[in-house]
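Read through the structure below, which is laid out as structure tokens, and then see the notes.
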Amino acid sequence: MVGESLSRIGLAGLAVMGQNLALNIAEKGFPISVYNRSSSKVDETVERAKQEGNLPVKGFHDPKDFVLSIQRPRAIIILVKAGAPVDQTIDTLSKFMEPGDCIIDGGNEWYENTERRALAVKEKGLLYMGMGVSGGEEGARYGPSLMPGGTPEAYEYIKDIVVKIAAQVNDGPCVTYIGEGGAGNFVKMVHNGIEYGDMQLISEAYDVLKSVGGLTNKELARTFSEWNKGELESFLIEITADIFRVKDDKGEGELVDKILDKTGMKGTGKWTVQQAAELSVAAPTIACSLDSRFLSGLKEEREAAAEVFRKAGVGDILITKEVDKEQLINDVRKALYASKICSYAQGMNIIRAKSIEKGWNLNLGEISRIWKGGCIIRAVFLDRIKAAYDRNPKLASLLIDPEFAKEMVERQESWRRVVSLAISVGISTPGMSSSLAYFDSYRRSRLPANLLQAQRDYFGAHTYERIDASGSFHTEWSKIAKLQAKF
Ligand SMILES: *[C@@H]1O[C@H](CO)[C@@H](O)[C@H](O)[C@H]1NC(C)=O
């Protein structure tokens, strides 16, 4: 290496995301060293760097050479599969790293693993960060949304780089220092939970429009393109419109109709729902999107069930209804938007509850801002969420931000029509229905929980509070009820 200049940063793990992020960093003018155990990945990355504009990427097959090629204090991003591979990579690299160097895990890691590793490498004097990276391969290459968490000193190592490589929107780069410990991973996890919700709601809109409204793929493409010009404008709506246009290359019609209705997943959605439960935060829209993936996985079982119910007299759709297509499209658009508000309110509440528990001091407005570009849930709508938190950083729920409250009230008639219609024809719209139920529960000052409390006190003497007096009370329900029944 004599005479050669050192790289500004290193990146280990050259699968699709790693390669693209490395090229993005190099393209923004930061010389980068790259490493992977399998040497073909290294050569592939160096070759791409050459082809995509002679970018300053140096490849290494040896971990020691790799580490020593980076200027001190070193910053090394690792992008490998979450779990054991991260520990292995840290083991391999940390041997050659020196006090003051920093490791940044860019994978979808469980936040507690990041906190554990941060403590472990601290003994060697190393710094550690967990950085959520969203946007898929396209985002990694041309501008992702980045959610770095860890000590503020560690963020200083990469700040100049991440603000350049992140997606750029009207109010800045889609990156901000998230918070201490595993905060970056946690926020990325909830981002993915919200993404589950968005995708579920969109698929329900599709089902209603197709199965009840009888829209063809061509009409669906046109509808989603139209929607993408208004309040729903977002990456997911845009790609959905595209999907309906793609012809099947192996047969008649469009490809979407030939795809098996069985969903895959990797775990961040499940973690989000588990965390919601741990924190006692209601997140029905996100939870039902996870349940829907579980149910979709039971393809064979569902086919058998369809047969059982067909024999019992119930077909796929219970009744066919005459609907006004234009009105249905408008109603579904409004139901989708209102449901989305509920879903994001749930996600933000999970983040806020965790922030309080961990003392992370997370800024919900800033988090909404960095999701405006680069990531999968990027949407015009996030501007409104940011504005809501700017108006009131202590907002208890997005639902009661005056603007959102007004928007939901304006859409509730359509929302109720869509859900009722779906129920009456036998199409499940769990995302839209549970969002509506969430709205209806949240907006009513009195719920039937009084009866539930009476039941708990009846069988378990759990006591109850009164609306007209303070303190806790217990009643001998069974004795009194028996006595009074006599009269
Ligand atoms: C290198 O590549 C392989 C797959 O080709 C992958 O399994 C491995 O985790 C990568 N990362 C590192 C740091 O070696």
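Cβ coordinates come from backbone N, Cα and C, glycine included.
N108 is the residue from N54, N108, N170 that TrEMBL records in the NADP(+) site together with G13, L14, A15, V16, M17, G18, N36, R37, S38, V80, K81, A82. Taking the binding-site residues N36, S38, N108 in turn, the residue surrounded by the fewest other Cβ atoms inside 10 Å of its Cβ turns out to be S38. Checking the binding-site residues G13, H191, Y196, H462 against ligand 1, the ones whose Cβ sits under 6 Å from it are G13. A simple Cβ count within 10 Å picks out one of the recorded positions K188, H191 as the most packed, and that one is K188. Other C-beta atoms found within 10 angstroms of the C-beta of R293 (substrate binding site) number 18, with every protein chain shown included. Ranking the binding-site residues A15, M17 by how many other Cβ atoms lie within 10 angstroms of each Cβ puts A15 at the bottom. The 10 Å shell around the Cβ of G13 (NADP(+) binding site) contains 25 further Cβ atoms across the protein chains shown.
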